[in-house]
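*Asks:* Here it is: the structure, laid out below.
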Amino acid sequence: MDLERGSKTPPPSAPAVAAATTTTSTCCGNKRPQLRDRLVALQPVVLRAAAALATAAAAAVMALNAQSYTAVVAIIGTRPLTQTFTAKFRDTPAFVYFVIANAIAAAYNLVVLLVRRLILRRRMAGLVVHMLDMVTMALLATGTATAAAMAELGKNGNVHARWNPICDRFGSFCSRGGVALASSFTGVALMLALNLLSAASNAQCSPGQ
């Protein structure tokens, strides 16, 4: 109608254009920090869930690890006398400690994931979780290192002590133990990453910052 009457619509003023541009940039700028904050907040959750899964898998594989081996120990006349040997994780205290440490780490991380909302509301609870993370990582690292030392001894033996290797006779037992050790070392690395994130978060939230 304005064109038919010969009138023209006045162009928008410069302040209005500037205000619209500012509003658009502000909205877009707010979405990016929110998305980044959400991704940062998800990092501890993903790491803790992965650590719980890795340690639970390590504990389960080692706890179910067993193999039997039958060998001829003597020959009476023409009849061979055989004996069955069984390798279990219970026979080695280091492997028992390994299973206990990984089970504790898995259960602890699962509990923290379940009560995560309560922890986020209280700063003191976050500090307690950070301390427990360090204790859990130390327990898991010592258990994994102890089991790794015994696994190396079982694979290569010890010439000086005249301890023969057993992995040539219990190959499946050693293979499954290696899988459990790899999973546990992964859990240790994930717990270390969690501790570093917690330390950085607590440093940013300290009153002196």
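Every residue gets a Cβ built from N, Cα and C, even glycine.
Below are the features listed in TrEMBL for this protein:
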REGION    1-25  region 'Disordered'
COMPBIAS  15-25  compositional bias 'Low complexity'
DOMAIN    41-189  domain 'Casparian strip membrane protein'
TRANSMEM  94-115  transmembrane segment
TRANSMEM  127-150  transmembrane segment
TRANSMEM  170-194  transmembrane segment
*Asks:* Can you name the far-off residues of the same chain, 6+ from the ends of the transmembrane segment (127-150), with a Cβ under 8 Å from a Cβ of it?
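*Replies:* For the transmembrane segment (127-150), the far contacts come to 55, 62, 92, 94-95, 97-98, 100-102, 104-105, 108-109, 112, 119, 177, 180-181, 184-185, 187-188, 191-192, 194-195, 198-199, 202.
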*Asks:* Count up the helix, strand and coil residues in the domain 'Casparian strip membrane protein' (41-189) according to DSSP, in that order.
*Replies:* 107 helix, 23 strand, 19 coil
